[in-house]
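**Student:** This is the structure, below, for whatever I ask next.
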Amino acid sequence: MASSSSFLLLAALLALVSWQATASDPSPLQDFCVADMNSPVRVNGFVCKNPMEVNADDFFKAANLDKPKMPNKVGSNVTLINVMQIAGLNTLGISIARIDYAPLGQNPPHTHPRATEILTVLEGTLYVGFVTSNQPAPNKNKFLSKVLNKGDVFVFPVGLIHFQFNPNPHQPAVAIAALSSQNPGAITIANAVFGSDPPISDDVLAKAFQVEKNTIDYLQAQFWENNHY
């Protein structure tokens, strides 16, 4: 019985350690750790501001998330509120974004390397989806998609390629997304692959995509606009 109890205790401890190791952001060890943006010290995140100097404005931003933003060339605009906009988010493991979609606009395929995303549609309709990782068949790069209407919610697991598209040619759409990191990051696939600085060798990309080098050269010559602001 003692041996069984010891095993269960060990298993519980290992599970706890494993959860902490895979968490996107570390858990806070105090009520808050408002980011000191002026500190010369560099850590994973930001150094804490003196608690005696903290005030309500460290947890506030007049972000105007109730107002639409003008979409760009890809037909969307992501207004992200993370630790860079609200210093009080430091160590709290959360951020939020408003996403505006023009008619037929999209938030193109991208990943958040440090966050899971939960998205809810405020206005309009969105076609959304994500692709699983390179798993063994039959689940290799499985594509999961859904049409969302106003009030619907969808989850994009951390690190997986995902997108949102407004299929309505006449009406815009709006969504709010919460992300499980103070700084989730965003890697837009086309921008990263074809718009890197300096560019990736067209020999490498032609081989990877199994196309002619002139196709790669054409894609690399395009202006890959960032829709995250």
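Each residue, glycine too, has its Cβ placed from N, Cα and C.
Annotations for this protein, taken from TrEMBL, read as follows:
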SIGNAL    1-23  signal peptide
DISULFID  Cys33-Cys48  disulfide bond
DOMAIN    63-217  domain 'Cupin type-1'
BINDING   Asn107, His112, Glu117  oxalate binding site
BINDING   His110, His112, Glu117, His162  Mn(2+) binding site
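Buried or exposed, and what's around them? Tell me for each listed feature.
**Tutor:** For Cys48 (disulfide bond), the same-chain residues 6+ apart in sequence whose C-beta sits under 8 angstroms from its C-beta are Gln30, Cys33, Val34, Ala35, Asp36, Asn90.
Under 8 Å, Cβ to Cβ, and six or more positions away along its own chain, His112 (oxalate binding site) finds Phe156, Val158, Gly159, Leu179, Ser181, Pro184, Gly185, Ala186, Ile187.
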**Student:** How many other Cβ atoms are found within 10 Å of the Cβ atom of Cys33 (disulfide bond), counting all protein chains shown?
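**Tutor:** Result for Cys33 (disulfide bond): 21 other Cβ atoms within 10 Å.
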**Student:** Compile a sequence-ordered list of residues in the same chain as His162 (Mn(2+) binding site), six or more apart from it, whose Cβ lies below 8 A from its Cβ; state 'none' when nothing qualifies.
**Tutor:** Pro109, His110, Thr111, Glu117, Val128, Gly129, Phe130, Val131, Phe156
**Student:** Restricting to the same chain and to sequence separations of six or more, state which residues have a Cβ under 8 Å from that of Asn107 (oxalate binding site).
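**Tutor:** Listed in sequence order: Val74, Ser76, Val78, Ile99, Tyr101, Phe163, Gln164, Phe165, Asn227.
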**Student:** Can you work out the mean pLDDT of the predicted model over the domain 'Cupin type-1' (63-217)?
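**Tutor:** Value for the domain 'Cupin type-1' (63-217), mean pLDDT as a whole number: 95.
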**Student:** Using the Cβ centroid of Asn107, His112, Glu117 as the reference point for the oxalate site, which residues of the same chain not in that list have Cβ within 8 Å?
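**Tutor:** The answer, listed by sequence position, is Val78, Ala97, His110, Thr111, Ala115, Leu119, Phe156, His162, Ala177, Leu179, Pro184, Ala186.
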